[in-house]
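Among the features that Swiss-Prot reports, active site, proton acceptor is placed at His48, Glu75. Under the heading active site, proton donor, Swiss-Prot lists His199. According to Swiss-Prot, the feature 3-amino-2-oxopropyl phosphate binding site maps to Asn12, Arg23, Gly200, Gly221, Phe222, an assignment based on sequence analysis. Taken from Swiss-Prot, the feature 1-deoxy-D-xylulose 5-phosphate binding site applies to Asp14, His15, Arg50, His55, Thr105. Residues annotated as site 'Transition state stabilizer' in Swiss-Prot, with sequence analysis given as evidence: Glu156.
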Amino acid sequence: MPKTPPLRLGVNIDHIATVRNARGGRHPDPVRAALAAIEAGADGITAHLREDRRHIRDNDMERLKAEISKPLNFEMAATPDMVRIALGIKPHAVCLVPERREELTTEGGLDVVGQRESLAPSIARFNDAGIRVSLFIAADPAQIEMAARLKAPAIEIHTGAWCDAITDDEPAKAAEEWRRIVAGAALAQAAGLEVHAGHGLDYATAETIAALPQIVELNIGFYMIGEALFVGLGETVKAMRATMDRGRARVIAA
């Protein structure tokens, strides 16, 4: 039996910047948060530079690239301006996401099938630059297969619908969404894609999904920043890391 790969924790620091921007100025500093998360055990940092700059700013991305010791995952819409910025910063990875100005957060997965003609050149440019590309998509077979055809090295499965169904106490819907995630992760791995997951994850759902052996990275932000208000960011990262390790141990023990 092949060895189960370790599970990485990427901490999304967007909402440190949300708090900062509520009053303007430089406090709290998202780069300081990133450094604290890494010190506590984060394997990487995720930040989303939105077109409207509602939280993370250009200078934040530049400082993150310069100051953190772990990989930077640059979330972005695949627009010409964002592609230019990302190529200039040269993060370890980019995650291409859909984006609408009126949304509170990223509401759905990228339509890779419908946007394949526009996405292909951006993916190729990042591949040529040595920047690892992931596509934030639903666990839909057509989207997964197109991601592989476009030569994206990785996908990030959108876990929001599953997490929302659990929060809303809709067990039938949660079970259906979970089946899609399980099948999607297996299909993606079979297609040669590295599999990540994220959106809406908390301690309970992170522990559950950590048991899927195909998934090698979880990107978690909003829940952790909320928990950090009560116990501190370092303690939250340590608790999430321990939670993920418990879930992963179930794979190893199986």
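Using the three backbone atoms N, Cα and C, a Cβ is placed for every residue, glycine included.
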### Query
What subset of the recorded positions Asp14, His15, His48, His55, His199 lies within 10 angstroms of Gly221 (3-amino-2-oxopropyl phosphate binding site), using C-alpha positions?
Asp14, His15, His199
### Message
Is it possible to get the count of other C-beta atoms within 10 angstroms of the C-beta of Glu156 (site 'Transition state stabilizer')?
### Response
28
### Between His199 (active site, proton donor) and Glu156 (site 'Transition state stabilizer'): CA-CA distance (Å)
9
### Query
For Asp14 (1-deoxy-D-xylulose 5-phosphate binding site), which of these recorded positions sit within 10 Å, Cα to Cα: Arg23, His48, His199, Gly200, Phe222?
His48, Phe222
### Task
Out of the recorded positions Arg23, Glu75, His199, Gly200, give me the one sitting nearest to Arg50 (1-deoxy-D-xylulose 5-phosphate binding site) by CA distance.
Glu75
### Summary
For His15 (1-deoxy-D-xylulose 5-phosphate binding site), the three-state DSSP class is helix
## Note on the structure
Cβ contacts within 10 Å for Glu75 (active site, proton acceptor), all chains included, total 28
### Summary
One residue among the recorded positions His15, Arg23, His48, His199 has the fewest other C-beta atoms within 10 A of its C-beta, namely Arg23
### Query
Can you check what DSSP calls Arg23 (3-amino-2-oxopropyl phosphate binding site), collapsed to helix, strand or coil?
helix
### Task
Would you list, in sequence order, the recorded positions among His55, Glu75, His199 whose CA lies within 10 Å of the CA of Phe222 (3-amino-2-oxopropyl phosphate binding site)?
His199
### Task
Just name the winner among Gly200, Gly221 (the binding-site residues) by count of other CB atoms within 10 A of its CB.
Gly221
